[in-house]
């Protein structure tokens with residue numbers, strides 16, 4: 001297209017024209033329509049790339065169906081947890097059982113952690129602001145961290161009470177009431193576990209199933225596993241005490257053993273939370289594989305400042321500087337690199353800066369990749 005013809009199109013005021021054969025909508029993440037004062041060359045380059053992150057996500061991108069499912073799971077589980085917690089407090093009081101009462105306290109922690117998770121999910125859905133320009137995505141991660149820490153606090157209290165009972169030996173337990181209450185507790189924990197369980201599909205798209213799991217639901221699920229272990233310990237103790245009342249020391253011993261096991265179940269969640277907060281490379285995204293994929297794009301000579309991190313466990317983000325050879329179409333490189341990254345790794349956001357390649361990049365320490 002000649003320069004004069006371009007200028008004529010820019011100055012023209014009659015009907016709106018589309019240069020790609022489709023209506024481009026301004027305000028919905030699309031390239032604006034040509035009007036006086038706009039750079040037509042920039043419009044043509046943008047049209048050539050045919051790639052825009054917000055347009056891909058669509059207007060309903062903030063209504064994440066996975067997040068909605070997580071909220072429904074937590075609502076149902078928290079309602080079940082609250083109702084049975086009240087019943088277990090009554091049963092523990094009637095049975096004079098510390099194990100049942102501490103199991104009820106564990107349920108209280110489960111309930112509180114689910115409320116924290118629901119609050120964090122609501123916070124993470126709030127739009128970005130000028131101050132919080134990434135949005136509130138990591139409120140979910142902070143909620144999971146608080147849930148894990150609350151497990152540790154309650155577990156410490158349970159261990160302390162179990163040791164205290166072993167030392168004093170001054171307690172009596174109603175084995176029958178304890179047996180009924182603990183049996184119901186096991187059943188309720190199984191129901192809550194099934195409600196919160198997240199099953200992944202059998203094939204992979206470059207991410208692991210753990211990446212697809214909601215961290216708040218995972219934290220709540222671990223809470224339920226811990227409480228299930230505690231309830232099983234109480235059930236075993238109740239069964240023994242029902243037939244052998246003189247073996248009352250079984251109650252604090254079971255509480256002590258199963259409380260220790262709870263701590264181990266929190267380590268995987270804590271590891272994921274720390275990885276996100278420290279902006280480490282997310283699980284399921286291999287740094288070397290990403291680098292090799294970018295270098296395989298035609299025209300790419302080198303790259304530097306490759307950073308891969310995550311807003312949350314399931315939202316990996318990438319930024320990189322790509323150096324291209326002379327006479328290479330920058331928009332073609334940008335389009336190819338972006339589409340390959342999205343196709344293989346499903347990044348939430350990709351930011352690529354195109355630069356001209358120079359020979360001194362080979363010896364520049366700042367341009368070298370990070371160590372293993």
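Each residue, glycine too, has its Cβ placed from N, Cα and C.
Range with Swiss-Prot annotation transmembrane segment, chosen from 99-119, 120-140, 141-161, is 141-161.
Of 18, 168, 296, 338, the one with phosphoserine in Swiss-Prot is 296, while the others lack that note in the record, though it may still apply to them.
Swiss-Prot assigns the feature motif 'Mitochondrial localization signal' to one of the listed ranges (39-42, 43-46, 47-50, 51-54), namely 51-54. Relative to the membrane, residue 82 and residue 337 occupy opposite sides according to Swiss-Prot. Apart from 106, 110, 223, 227, the residues listed for Zn(2+) 1, the same chain places the Cβ atoms of 81, 107, 109, 113, 151, 154, 189, 224, 226, 230 within 8 Å of the centroid of those Cβ atoms. With respect to their backbone Cα atoms, residue 223 (Zn(2+) 1 binding site) and residue 355 (Zn(2+) 2 binding site) stand 49 Å from each other. Other C-beta atoms found within 10 angstroms of the C-beta of residue 227 (Zn(2+) 1 binding site) number 27, with every protein chain shown included. DSSP assigns residue 106 (Zn(2+) 1 binding site) to a helix in the three-state reduction. Reduced to three states, the DSSP call for residue 296 (phosphoserine) is coil. Beyond the ends of the topological domain 'Lumenal' (242-249), by six or more residues, the same chain brings 165-166, 169, 171-173, 175-176, 178-179 to within a C-beta distance below 8 angstroms of the stretch.
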